[in-house]
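Okay, structure first, notes after.
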Amino acid sequence: MRQWNKNFVVTGMGLIIPVSIVILWHIFSVSGLIATNIMPSPLKIVSTIVDLFREGELLEHIGITLYRVSMGFLLGTAIALLFGVLNGYFRTIRYLLDPLIQALRNIPSLAWVPLFILWMGISEASKISLIALGVFFPVYLNLVSGIQGVDRRLLEVGWVHGYQGWRLIRHFFLPSALPSFFVGLRSGLGLGWMFVVAAEIMGASKGLGFLLTDGQTTGRPAIIIASILLFAMLGKLTDYLLELAGRRILRWQDSYESLERRKAL
Amino acid sequence: MGIKSIGSHLQVKGVGKRFGNVEVLKRLDLEIKPGEFIAIVGRSGCGKSTLLRLLAGLDVPTEGEVLLDGERVNGIHPDTRILFQDARLLPWKRVIDNVQIGARNGDKARAEEALRLVGLEHKAKEWPSVLSGGQRQRIALARALAGSPRLLLLDEPLSALDALTRIEMQELIEQIWWEQQFSAILVTHDVSEAVALADRIVLIQNGAIAIDIPVPLPRPRERNSDFAYYEKLILDHLMERGAPASVSAVSS
């Protein structure tokens, strides 16, 4: 029960400022300080979302966007895991591949769009590939640095007990790299949400990114803001789920964060 | 008792180790008979930890060779286990899984047995982060024992513990060594620890063996006047205080 109270207070503190902003926004809209044809009131946004939901369109848009993000996230993470382990563990492979990956990393997401359309057309494949590309880099980067940061003294424990090759990777390198892998997953997911917008703006007939462009071409700011808010909420929600998973998997960590949580407030 | 083994016979022949231009060990000769417990004592930087790493196969000697039961040590040997200065438990594994790392073929029953030997079977499901320093080192001891070592190398394993825990651990190590009959080599700068545990004390100075003294005290060892005599004898050598006079005075 106490634990629930703590969580309640922590969550409540995070809500104070967003809720205040919405209240101010509402007051300004009602009093006419903000032109509602440019910035609709919060109530108008909510009713737009409710309307979209009633028409049955909204769930379809959210569903397809979530599908693209999760497929891209899984694909990007899988490739990052493969290359991260290979490059983190084998020096020769790292010397061969890492400079190239670092160079590709600096290409802005939108620069890939024309190429992906040309290669794969305006298809699900091109969208998912673009998202996977965005997810790949942070996951890869953090995994490699996590693997290379493994405590040599712990590795000696592995060697002394006859751990080599894959068993050494599985029991020593990977668990030790997990905290930094999770940092990578979370920033990868963030980039996944950024890239899905790029992917859906470049040509889609469904999805939250399509709603954005639709709102723009039909001159309905409420739809644009509604989609932005939905992006924010979905992004936060998925990040929260990932954080929960991370906290559970990394519960062995004896860190400042876990200490803080234990005696929170 | 399922965890049982007979100690290895270790021979160190003309072993030298050099890091760049620095000669850390100079043509060292040493023999450890099966089941013997020897202590290697020296000031910090004398090369004692380097010697232990060579014996473990974690490093290779620049010259000479280390023989284990007549066979040249070439890398890590499955019959040799090390207890490091810091416990080096894997934070991401629970206590029992940490011990299991030491068991051959990950034998869980053997891990549980080793945990019982050090008296911490009730901590099996805990994370290492919640244990005290002494408990962690006992878990590390269990991990080493789970592999039924024939040679146990102890690299100043108790130096980070408080005085009472240290004496408890010394008694535990002595008792387990007595039961299991493995050979043991303890590297330490704590003279009283060396006298408490070792059959023989080897003093290393500037990378060479200065003296090699048998300690024929009965076990389990009590901290009486004989104990104090050996303590003083080794300490005087270590501090280079003209030991011979005090030797004759006490032994008469």
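Cβ atoms are placed via backbone N, Cα and C, with glycine included.
Please treat TrEMBL annotations as automatic predictions, because they have not gone through curation.
According to TrEMBL, the transmembrane segment annotation covers A:7-28 (among others).
Positions annotated as domain 'ABC transmembrane type-1' by TrEMBL: A:58-242.
Look at TrEMBL and you will find A:69-90 (among others) tagged as transmembrane segment.
Long-range contacts of the transmembrane segment (A:102-122) within the same chain: residues 129-130, 133-134, 137, 141, 191, 194-195, 198-199, 202-204, each at least 6 residues beyond the stretch ends and with a Cβ under 8 Å from a Cβ of the stretch. Taken from TrEMBL, the feature transmembrane segment covers A:102-122 (among others).
Annotated transmembrane segment per TrEMBL: A:128-147 (among others), in sequence order. Within the chain carrying the transmembrane segment (A:128-147), a Cβ under 8 angstroms from the stretch's Cβ atoms is held by residues 68-69, 71-73, 75-77, 79-81, 83-85, 87-89, 94, 98, 101, 104-105, 109, 112-113, 116, 120, 173-174, 176-181, 183-185, 187-189, 191-192, 194-196, 198-199, all 6 or more beyond its ends.
According to TrEMBL, the feature transmembrane segment maps to A:177-202 (among others). Through the fold, the transmembrane segment (A:177-202) approaches residues 65, 68-69, 72-73, 76-77, 80, 84, 88, 109-110, 113, 117, 122, 126-127, 130-131, 133-143, 145-147, 149-150, 208-210, 212-213, 231, 234-235, 238-239, 242-243, 246, 249-250, 253 of its own chain, all at least 6 residues removed from its boundaries and within a Cβ separation under 8 Å.
For the transmembrane segment (A:222-242), the residues of the chain that approach it from at least six positions outside its boundaries are 39-40, 44-45, 48-49, 52, 62, 65-66, 69, 182, 185-186, 189-190, 193, 197, 208-209, 211-212, 214-216, judged by C-beta separation under 8 angstroms. For A:222-242 (among others), the entry in TrEMBL reads transmembrane segment.
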